[in-house]
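Notes to accompany the following structure.
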Amino acid sequence: MYEPKPEHKFTFGLWTVGNVGRDPFGDPVRERLDPVYVVHKLAELGAYGVNLHDEDLIPRGTPPAERDRIITRFKKALEETGLKVPMVTANLFSDPAFKDGAFTSPDPRVRAYALRKSLETMDLGAELGARIYVVWPGREGAEVEATGKARRVWDWLREALNFMIAYSEDQGYGYRFALEPKPNEPRGDIYLATVGGMLAFLQTLDRPELVGLNPEFAHETMAGLNFVHAVAQILDMGKLFHIDLNDQRMSRFDQDLRFGSENLKAAFFLVDLLESSGYQGPRHFDAHALRTEEEEGVWDFARGCMRTYLILKEKAQAFREDPEVQDLLKDYYREDPQALSLLGPYSKEKAEALKRAELPLDTLRRRGYALERLDQIAVEYLLGVRP
Ligand code: GCO
Ligand code: MN
Ligand code: MN
């Protein structure tokens, strides 16, 4: 029961299960895990794939011969286990050169370095079979407004992304680009802060059809927004290219908690949404084990993410199939042919009919929607007392 299998498309990042537990106040509490070991462990746990930043696999400054050796060894582990690398991304935040931005650094030499690093990451990903390229603009933000940079960054971001997309097409890599918004951290404020802003921005790129989103549960929650609604809007626009699952308390620093460990109800309705949406992509856990854990705790964390997802999936399905829920929803969405005939696409006749129509306002003002009952049923599923 609830055993993860590759067909569930669960993925982790090398940087998530490999997280050494450093925080702004505390040193690492765990040793760095060998990526080859991580591949074997994740395969054993039933994951589908492993994602990575360039530097997670190939530390900065690695000489070319050593780079080739690392890749050969890593690919061998992938072959042995059948684990996939669906997504890659460039680390454009750790190097001190990126302290005032990567693509939005005021210094064109830094912007050139960020762009080159991105192209090299695409090369690496192509070698590993990745088809999704995530762009997380974590350092593209500011603490100081006095530069007026907020007015300039959009051109720089567009230029960099257009370049990268053209490179991917030119090389025949076939990447789909997934942009990841976040409100703040590590910058005081990040320019591309929310799902809504990112959806609007991507429409201004040369090839918007190749660009979508990588929304993250924690990021919208940090901003006090509703992640389920954000994902629903992304789905409506056909732009869910990847998803970062984790958990988070509202209005805190980025906590990257185990999926479903904090906002169970939101996680329940998120799984309900994802599983009914036809989304075929990876279910990626961008989270890490608590700093209190040694290695065994890391695998407990990874198992927990997947197990909770599968439990919620089963519960969501049972909730949707519950006859009482179906009755309540039938009534909630009750249809009225006369009212429906007044809605839909505009016509002169319809507008006139609409003005003449009798609408039973008294009844409408008194109508109840039975949402207390519906929500209580959801809670009872979550509490395990129903069915
Ligand atoms: C964060 C982000 C990152 C990105 C990752 C992939 O808050 O640190 O979520 O984990 O998802 O860099 O681009
Ligand atoms: Mn995050
Ligand atoms: Mn993320």
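Each residue, glycine too, has its Cβ placed from N, Cα and C.
Residues Glu180, Asp244, Asp286 are recorded by TrEMBL as Mg(2+) 1 binders, and the candidate that the same record lists for that site, out of Glu209, Glu216, Glu314, is Glu216. A sphere of 10 angstroms centred on the C-beta of Asp254 (Mg(2+) 2 binding site) encloses 19 other C-beta atoms.
Cβ neighbour count within 10 Å across all protein chains ranks His219 highest among the recorded positions His53, His219. Asp256 (Mg(2+) 2 binding site) has a Cβ environment of 20 other Cβ atoms inside 10 Å.
Highlighted in sequence order, Lys182, Phe217, Ala218, Thr221, Met222, Asp244, Asn246, Gln248, Gln255, Asp286 have their Cβ within 8 Å of the centre of the Cβ atoms of Glu216, His219, Asp254, Asp256, the residues recorded for Mg(2+) 2, and are not part of that set.
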